[in-house]
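As structure tokens, the structure follows; a few thoughts come after it.
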Amino acid sequence: MSTAMIFVGLISSTILATASNSWLLAWLCLELNTLSILPFISKTKHPRAIEAATKYFLTQATASCLLLLAGTSNAWLTGTWDMTQMSNKLTSTTMLIALTMKMGTVPTHFWLPEVLQGSTLLTALLISTWQKIAPMSLLFIMSNNIQPTFTLTLGLLSTTFGGWGGMNQTQLRKMMAYSSIANMGWTVITLTHEPKASMINIFTYIILTTPTFLLMALTSTKTLQNMTTMWSTSPLATTTMTLLLLSTAGLPPLTGFLPKLIIMNELVTQNLTPLATMAMMTSLLSLSFYLRTTYLTTLLNPPSSATSATKWRQKMTKNKTMILLPTATTSTFMMPALIP
């Protein structure tokens with residue numbers, strides 16, 4: 001019963017935050033959202049989970065303080081709490097930093113890998129997907145008042161650090177955290193020029209990440225070493241995971257390529273071709289560790305030699321993977337449906 005009530009609070013706070021038009025109401029909803037996710041993070045009672053919950057709380061509390069400061073300063077200058085009246089450059093920049101801190105972009109991204117590593121896979125799924133909807137909706141509302149140079153810089157730095165950070169990771173949750181940082185960079189980079197492209201990118205990322213985390217949870221896969229023996233648990237899950245990772249990397253003709261194509265087209269249209277080129281070069285960093293993961297998943301099958309002991313095949317895993325198959329198919333071959 002308590003879990004259901006907390007889950008209702010988590011959902012309702014996000015919905016209210018996205019529907020609010022006042023910074024004060026948005027701040028209250030984000031605070032409720034933060035307090036609702038904390039029991040899920042610390043549920044296992046493990047010291048690492050408690051540490052992750054503490055880091056998440058401190059980071060989100062700092063971001064909420066900045067958000068309240070920016071909202072109060074803007075209300076003092078303009079006489080209104082309306083989100084669309086962020087005409088002051090200082091208050092709009094402070095609000096941008098607060099919201100990007102909640103999403104986990106550079107330079108306030110250091111909390112995300114540690115929190116995901118200390119959480120369960122399903123809790124990491126919530127943090128990587130659902131918890132980004134409310135801040136992104138608020139950024140979409142105030143996108144007309146954000147400084148373009150600032151968003152372009154944050155976006156390019158996020159794609160760079162996200163790619164570099166994930167290259168040497170052996171823990172899949174940390175790798176997915178750096179992947180999230182890189183994808184948030186792609187989202188922020190066109191926030192002022194084409195907000196709709198940013199929204200397409202974030203929701204495509206959510207569609208891709210959800211079945212990926214669910215497959216990891218079903219097959220108890222947490223490290224790269226586990227990926228080498230996933231075929232023994234479920235061959236269907238192995239194939240699906242490979243397609244999902246390649247789609248998240250942005251390889252055509254998979255779904256993840258389309259948002260990057262739209263963003264690149266918008267950057268070139270705005271005469272930002274050098275920036276678009278640098279963004280594409282940084283995406284190769286993310287592609288490198290995705291290809292390494294898919295190699296360990298698919299190319300170490302029999303008759304090749306596995307690097308660790310195989311796991312027992314479970315009958316329930318196959319059935320649950322079949323349930324995830326429609327979602328995974330949508331995540332990999334949905335390009336025509338996403339074309340605006």
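Even glycines carry a Cβ here, placed using N, Cα and C.
When the ranges 264-282, 321-339 are checked against TrEMBL, the one recorded as transmembrane segment is 321-339.
In TrEMBL, the annotation transmembrane segment applies to 57-78, one of the ranges 35-56, 57-78, 167-188.
The feature transmembrane segment, as given by TrEMBL for the ranges 127-145, 146-164, sits at 146-164. Looking at which of 57-78, 90-112, 199-218, 230-252 has the most CB pairs under 8 Å to the transmembrane segment (146-164), the answer is the stretch 90-112.
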